[in-house]
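Input: a single structure, listed below in structure tokens.
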Amino acid sequence: MAQSRSEDRVVNNDNYGFESIDDDNEHNKHNSENGKKKLVKEEDISVERVFQHQLVPSWKKQLTFRAFAVSLALSILFSFIVMKLNLTTGGFGSYLFGMSKSVADQSSDTSDYKNPSLGWIIAFLFVVSFLGLFSVVPLRKIMVIDFKLTYPSGTATAHLINSFHTPQGAKLAKKQVKMLGKFFSFSFLWGFFQWFYTATDACGFQAFPSLGLKAFDNRFYFDFSAIYVGVGMICPYIINISVLLGGILSWGVMWPLIKNKEGDWYPKGLGEGSLHGIQGYRVFIAIAMILGDGLYNFVKVLSHTFLGLYTQIRDKQKENDLPVVGQESPSTPQLSYDDERRTQLFLKDQIPTWFAIGAFCNAYGCGLTDWSLASTYGKLAIFTIGAWAGSSHGGVLAGLAACGVMMNIVSTASDLMQDFKTGYLTLASPRSMFVSQIIGTTMGCIISPTVFWIFYKAFPDLGTEKSQYPAPYAIVYRNMAILGVQGFKTLPKNCLLLCYIFFGSAILINLIKDCLGKRGRFIPLPMAMAIPFYLGSYFAIDMCVGSLILFVWEKVNKAKADAFAPAVASGLICGDGIWTLPASILALAGVQPPICMKFLSRATNAKVDNFLTGSG
């Protein structure tokens, strides 16, 4: 929201930079005694030196009404997009919706529940989100300036922002926006077209058995979802392949084999949704893989964090200068002009240190690795608090609530540090960024629950396995809480053994991946493999189609693919996601689609025809 660079200030950045390099090279060419070119100093290609005589707006002037208005509009827009993704593959409110009765009815503990209410969800988010926001503010100087942490995502965002204000970047951005608009329109209209054929459940293109009826029964089909095709174009190839491999392993091999054990490993007639039957294997083996992957990366990032912290403190001790929150950082001759100018402005508008509460480890680890372990901290909270509270004292709800508190605090803290890094590189005032974060967090604490509430009221089957929005991680998180409270006695036969195997396999796969170095990029990701264990492979096929489109495009014209693929993918995601808003309004108004498109086998169709004609 905070505007740090005016267009006038940076519009000629690239031209000035290239001209200074060319002039210096020409000068060196004529004046060097040995005829060799001298190296161009860093100051000669400085981003900030070119505009050193331009005044940076004060922190109050960086907060504009236009920025807040645009942010509000975009937050509503993207909340619908992200909410659709979250409620189909997991994300927002998994721990909150896991408390509901509809999710509790699908678990082995149906007594401990609390149905969603817009009021208490907003209040809960306000408390936990602002705790995380205030906790990391006093650490900004230590993290960004003293420790010089990379924060890769924040750094990449800063470079992207700076590049938009160059003539070349502005020209490309206009073309990208035009491309995004085209595919946004296509995706929106495609979602509108599909709606006409979804009169009841199991209707429409989402029920299209594109790979055959047998494959459809095992959740292998292409469901014509533009949103997941777009996601597939953005995600790395290995993630899409990992998801598909997980679906093949689970729904193509394991679940059919375990179904053959019905009556031996678990009682007959329990149905598809019982956690004491086949559903128990699907849910708990997925949980085991997620926990194994999370534990490995938790230990990995934590070891990197403490090792990096030890190195930083040791180096500071050599300089006899430990980083203290209220202390000015010493300027050293080694700092470039850009770093000196950015440090000066970054420390200009101090934020009071009495906001401090703590959230250091995740923010520091995210700065080193770009990996936030918020969900891992949340899962640890589920087990520890749930086991401590016990089933007689609402342990399931307590574990889920503790998960929400932990996840929000550490994720908000690490996200804010990423933003501070972006602000440092774009000369945005930390004070203006902090005010923006407070206003933005306030918006989010109201908008996100409201959007969720619209989905919750518009789609009564939300959170069930057969729903268009199954919210799979809600049942996963709830069963984690039940596992923490009740122990392993709730698992069906041999399920615990399989959980141990897949838990260990997730750790082993990650270890092999790291040991192989660059070749490790070909090893699948256990966390991605675990997602379709519960959901099926239909969205994995969509994502792989997106990967295939991108792969072919790169082979035909790599430069154009690199420039416009993100815009195309974003258009597909946004159009399909935004269609959810009018679809929700129609559902709330009681307007139903006029057509149900279903697919039957030849034998079933013959029976239906006989029944309808009365000839049977």
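Using N, Cα and C of the backbone, Cβ positions are placed for all residues, glycine too.
According to TrEMBL, the compositional bias 'Basic and acidic residues' annotation covers 1-11, 26-37. As annotated by TrEMBL, region 'Disordered' applies to 1-37. If you look up TrEMBL, you'll see 63-83, 118-139, 179-197, 226-258, 279-299, 351-373, 394-414, 434-456, 495-512, 532-553 marked as transmembrane segment.
If you look at the transmembrane segment (495-512) against the transmembrane segment (394-414), you find fewer than three C-beta pairs under 8 angstroms, all six or more positions apart, and that falls short of contact. With a threshold of 8 Å between CB atoms, the same-chain residues lying at least 6 positions outside the transmembrane segment (532-553) that come near it are 88-89, 211, 218-223, 225, 228-235, 237, 239-241, 243-244, 246-248, 250-252, 282-283, 285-286, 289, 470, 472, 475-476, 560-561, 565, 569. Away from its own ends, the transmembrane segment (394-414) comes close to residues 95-96, 98-99, 109, 112-114, 124-125, 128-129, 131-133, 135-136, 359, 362-363, 366, 372-375, 377-388, 441, 477-478, 480-482, 484-485 of its chain (Cβ-Cβ under 8 Å, at least six residues beyond either end).
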